[in-house]
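Listed in TrEMBL:
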- 78-241: domain 'CHASE' (DOMAIN)
- 342-388: domain 'PAS' (DOMAIN)
- 465-510: domain 'PAS' (DOMAIN)
- 542-592: domain 'PAC' (DOMAIN)
- 610-841: domain 'Histidine kinase' (DOMAIN)
- 866-978: domain 'Response regulatory' (DOMAIN)
- 987-1103: domain 'Response regulatory' (DOMAIN)
- 1133-1248: domain 'Response regulatory' (DOMAIN)
- 915: 4-aspartylphosphate (MOD_RES)
- 1036: 4-aspartylphosphate (MOD_RES)
- 1183: 4-aspartylphosphate (MOD_RES)
């Protein structure tokens, strides 16, 4: 056989090596295959053991939970009946939640049938006022949770939950009720997880009382249960410590995945069925990647590696012998080349370093030098090589060993050495020059010898910078310290010596605490260490007073700024210190001046209060007696005497006006005047101004006009009282100083003045311009007249009188409102005062803007309207009757309260017009009696000469008109009463998911003439809102399909529902269920604190408030319209308490003319004695400033003695806070001296006295 040419060319030795290689590779492959099979078998055995342990751990954990249930059941069986408190105590003390991790709670669900439900709910409401069954459904049998542990806030929604209504829970309950065994539910979502991540969970149930399995078991009283999230159950089995990837399917392999990812592949996947008592889980387990990696040690790979290695070694030995010589020669060549390259790189490195580098042999002779060294030493590298190192580097003065000796020692010990600037080494130049240096000696181990590398740094530039820094430090006009981390002073400037008294040599190296007072030193070390830990520039001691300590022991206040400074030697802190002694002295002077000013202000306020008291006290009796004399009710005074009394009364009133102006100015200057927010109609304001000032203008033979520009906001919000006070002052001045012509008032929008700062809610500006045709004001006097007590000249003061405070107060009040008062020249002469204020405009709608005043029209007849007019003034009653008949109203008149009640019983009216001052009883009493007859929805309009009380809306009336009024206002009132008399029933939407409560509230409201639409869910409420007009909605916040706030948010997104008034009547208040930000017209009532009667009254008040109102035409009441109390009145005994005999006499005289019985006392103790002796006292008029016992103490003593009758505080003090102080002491009302009969009888009428 012929051999292939390639084979013939291969040496025989090479063929033998190849055959050996093939043999070794075959043996290696066989051995590796055997080892791999053994490893896989061992890995499967180990994984099956881990899977068995995991399966057992889950089953054992569930058995623990079941054992916990049996323990609770045993406790229930032993006790017979267990209260909720005993249940919580047992579970807590037994440590079940602690000993069985993975449980989220243990509870009890009571079995309730349809016949037991009402009694069950009633019993649970005694324990839990907010309790309700949810979801609400009429099932024959329910399992309602009544106890749950732990009693956490987020578990409370579970109370009342009907678990039997959920199929998975019901199957488990039925199983345990039948078998008596612990039963597991299929996968569920816990109630507290439904609004968040819906984590798969399961429940274990055990019927109570426990009983053996039976075909006809007795119905249980309830079910004990425990619950757990599957994720927490598995975590409690320490699965994280096992190399298993676990998935759990509920019921079957294709059932719901309740744990894990469900992704398993490979031959080691194991499935196991876990029986849970009426239910089962499918556990699927596969090994993790780390487990697979750890169980495959790779011995087969090692065998392959060893075989290949042996083969390669064999081949390597053969090849090595053939090439050993060739490799040896190549190695020698490479080493030579590498040595040359290393030397080249070393030289390049030496040249690139910006320092002087020198190498020395063991004798200190320079062997190499770089170009930087040649440059610094002003020579060449060739001249440096061969010189002794001591010829170029030396110390000045020579205090240490020569550098050559130090270098030799460094090489011998093989230890680097640093020679800093403090060693004093300098570089020597050939011309005799020297420069400071810093040296680093480093030993070098060369092939043939030992050498030393000398690194030289030129310190000349650093020295120059340090000198410059020291000069800057010395020139700074503040004390400067540089402190190291140990707290030692490293640097000071001359200012330190000047302020602290220490020369610098006594401070350098000393602790900085030497300059700190002793009482602060203990904490300073901690502050210093904290600064070095967090190094940033900051002022020291923010908010605290810091002091420096001088050498003589004295202290002075300082400010300190700290700045970190990094240097080659480490981090230092630079302290900048300023002496603030002069500033502190200035601040002390300012504080003293401020205290003096505050004290002066207090003295001023006390003086004004005292003067107010001293002036008002005698003025009170003067005005009362003068008014009685002027009225001449007995008719025994001559006309001249009546005129004199009138002069006395008017003079006293002017003096009172002056006192009030001075007090107003003082209150404004003291900042004690507050701003209210009132809703104002521009048309109502104009009408009021015209009615109020037309009589005054006509007496002056002037023409008064009031106009409103078309683009003026119809409704706006500002302080009505303050705005009208400003307009009144300006109008009175215009009428007073105008001899002929006219005065005009114009209301119009205004542009915001420059640099104005209106309130944040103001969106526009309103101006009221008062223009007159008077003499005008010279330009140089225009600012002067706004100053207090200043007028144009003395002749004006004599001609017209006045205090000069009106314009001052007007401007101050305008500024208080955010605006100002300006004076301009109108065309044609005269003056124009304009007050401009920022206001918040309001869009008019039916709830805010009344309809325009009607003309006496020929409208459709209102024959079915029956109007009851209750008025004792026959003339006024006739006027009202005629106007009502002209409008087609059937009107009847009653002149007394008793007659009005009789008429109302005979023929119930559709509307009522009521006067409050009737001869036989108070109008408020008549109103209450009328409501019992005609119901809460019949509109009642009050007409009275008394001012509106603050709570008039809450008394169930639709409007309040103050006498006197004009014909137009009367027609408007009658028109509104006629329209409302035939109005449809109010539409009320009741949203309440509790069926029993819903039916109860609906029946209650139906009986009060409301049309009620009752629903139980948000969706049903939306359908009602979309189908009909609703006036009021009653809303429970916790509904079956969501929270009530969601319905409100939906409503406020719709423009058509924003007018609806909402009454939230719920046990779940908006503190836990926030309302929408747009929510308006909302009243909140708690079911726990407010009864259904309160709910009914609240709705009636809301609906009364929604009735259209008439324009604000309030006028000052006429004293002649105040009737005297009737004979035999129930309220007729008054106790007058005052230490001033003049006031007692005046009050006694005034009250006796009105047929009151008057008792008197001159101090608080006497008043208490009078009350004790006379039990028929109906009201007390109590002066507050008296000797022996003041009014405040007397009122408190009376209230402590259970005196229930009204007490009206009477005081001559008129500063802000006096009213609140009196009411806080126990007074029911407040009158400021001087008292006129109008204000006195108003107060008595408010309390139904007379």
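Each residue, glycine too, has its Cβ placed from N, Cα and C.
Please treat TrEMBL annotations as automatic predictions, because they have not gone through curation.
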### Summary
Cβ atoms other than its own within 10 Å of the Cβ of residue 1036 (4-aspartylphosphate), all chains, total 23
### Query
With DSSP, how much of the domain 'PAS' (342-388) is helix, how much strand and how much coil, in residues?
21 helix, 11 strand, 15 coil
#### Entry: Averaged pLDDT score, the domain 'CHASE' (78-241)
85
### Message
DSSP on the domain 'PAS' (465-510): how many residues come out helix, how many strand, how many coil?
### Response
21 helix, 10 strand, 15 coil
### Query
How would DSSP class residue 1036 (4-aspartylphosphate) in three states?
coil
### Message
Can you tell me whether DSSP puts residue 1183 (4-aspartylphosphate) in helix, strand or coil?
### Response
strand
#### Entry: Secondary structure content of the domain 'PAC' (542-592), with strand meaning DSSP E or B
12 helix, 27 strand, 12 coil
